[in-house]
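Engineer: Pasting a structure below so you can have a look.
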Amino acid sequence: MALKIFFCRTKTLCNLFRFHHSYAHPGRIHIFLPSFLSSASEIGIGAKSFPFHRLFSQAVGSDPISSSTDDINEICRVLSDFRSPHHDIESALNSFSTKVSTDLVEQVLKRCKNLGVSAHRFFIWAKKLPGFSPSKESHDILIDILGSSKQFPLIWDFLSEIKEEGTHEIQPATFWNIFRAYSRANLPADAIRAFKRMDDFGLKPSIADLDHLLFTLCKRKLVKSAQEFFDNVKYEFVPSPKTYSILMTGWGDLRDSTEARKLFDEMLERGCSIDIVAYNTLLESLCRGGKPDEAYKLFREMGSHNLTPDAFTYSVFIRAACEANDIHSAIRVLDRMRRYNLVPNVFTFNSIIKLYCKNQRVDDAHLLLDEMIERGVNPDVWSYNAILAFHCDHSEVNQALKLISRIEKDSCLPDRHTYNMLLKMLVKVGRFDRAMEVWESMGERGYFASVSNYAVMIHGLCKKKGRVEDACKFFEMMIDEGLPPYHCTCTQLRDRLLGLGFWEKTRILAEKMQRSTSCSIQELSSTMKGEKTERESRKEKEEEQKPKWYENSG
């Protein structure tokens, strides 16, 4: 029985099958169908089959995609496929050498920020092309990429090259990115050394640079290092209320209100002006440090500092009440804000919504969504996800789907958590038709399925009786998209197939993975075959070599 396949809209199909534009024939589109769709006997079309026929619709016209967009997509694909240092990425990129432009390089780097090694190799390759000159923006993006991938020596080599070439002036923002990268890597001493090296690149550190350094350190909870460095240099700069607020926030995040109070007292001693931000920061630090009574006492003393409570001031107490699961106190403060016509921000509203759901008051959470919109606060995806989590946890299919419709109506875009919760619930309760409708709508909303979305479907279908072939179809779509699956996804699908005696299908899947243009997918094919990876074999060997006394020592 032959399957009749129609072309769908591009935005829907790109979520389901990999569109490959041949390097030799850019205008030609190839659709790689999953191997399980090759014959009806392998599909098992029948009452229990997943409604994959709904993935295809009647042929309709679509807007042509610009060649530059095609080139960007294809180069990003190459960078994803050749992400390992030993992959020959230069040979794969050579066919694009005549199409490289400043804008194209910037767009590729922006879209491949999580591919540190291959993005850097792409930039080096492009820079060698005759007539190409990278922009300042591409320099900044690359430094951010190198920082994210912890390639710190390359950052300093790159900065030295920029300085020697003299084509672009190094800006303080470049060092702010370096502070952030070192802080993310839990290297506070290196972040501080980077601050001290600004002079080497013609930049005299300012209080703004110091604030950025302290902020990045505190954000990563490296507050002690930030405080020690501030104590060493605070008389070389003129700290502002913002400087102290950053440090107080850091101590507040660690729930150390004592240190936060010391900083506030130091502000008073040095004659630094106290603004509403600094005062609110102290109140929040006290609340988070388990001293709400002391915070309320200071709240009543605000007038003595010529300060008037604002929306954030009250929000501090709302969030403290939410954290303590004190719904009555939270609503009491919210009512007070209503009387003073003060509007909480979306973060505070989300705290109350989550509190309502936690206390089984989901109807009140829906009403609060209405109030947010009426008062000019646009709910974000977290506002809806908090309520959706409640409906999904209680397997309330209709309410969950209505909420998804409301998200569209309120012009908010669902994220991967939204879809993961919804798809997991629909598969769990056996509403495969609804799950398919949601999957189809993802592309129509401009959202393209991620690895975790595929994993939710594959893992869920593997657990349902008679749905393993549907799980295989999603797995094949994932491979065709060039998305490397999680290792656990490969093992779960493989074990399920072997448990049902479908060893031949594991072989078909493994061969398909080996044919993929993605090197990462190729490497995972051994997992689908059931072969041990080099890492697993090495671990087993180490276990075997352990002496008996080691095993008995536990």
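Glycine residues also receive a Cβ, built from the backbone N, Cα and C atoms like all the rest.
The repeat 'PPR' annotation in TrEMBL covers 171-205, 240-274, 275-309, 310-344, 345-379, 380-414, 415-449, 450-485. As annotated by TrEMBL, region 'Disordered' applies to 519-554. Taken from TrEMBL, the feature compositional bias 'Polar residues' covers 519-528. Annotation comment: TrEMBL describes 529-554 as compositional bias 'Basic and acidic residues'.
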Engineer: Where does the mean pLDDT land for the repeat 'PPR' (345-379)?
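Structural biologist: So the average pLDDT across the repeat 'PPR' (345-379) works out to 96.
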Engineer: Quick one: DSSP breakdown of the repeat 'PPR' (345-379) into helix, strand and coil?
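Structural biologist: Going through the repeat 'PPR' (345-379) residue by residue, I get 26 helix, 0 strand, 9 coil.
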Engineer: Determine which residues of the chain contact the compositional bias 'Polar residues' (519-528) at the Cβ level, with the cut-off under 8 Å and only residues 6 or more beyond its ends counted.
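Structural biologist: Tertiary neighbours of the compositional bias 'Polar residues' (519-528) are 81-84, 87, 479, 482, 484-485, 487, 490-491, 493-494, 506, 509-511, 513.
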Engineer: At a C-beta cut-off of under 8 Å, are there same-chain residues at least 6 beyond the repeat 'PPR' (275-309) that contact it? List them, or none.
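Structural biologist: Long-range Cβ neighbours of the repeat 'PPR' (275-309): 241-242, 244-245, 248-249, 251-253, 255-258, 260-261, 264, 267, 316-317, 319-320, 323.
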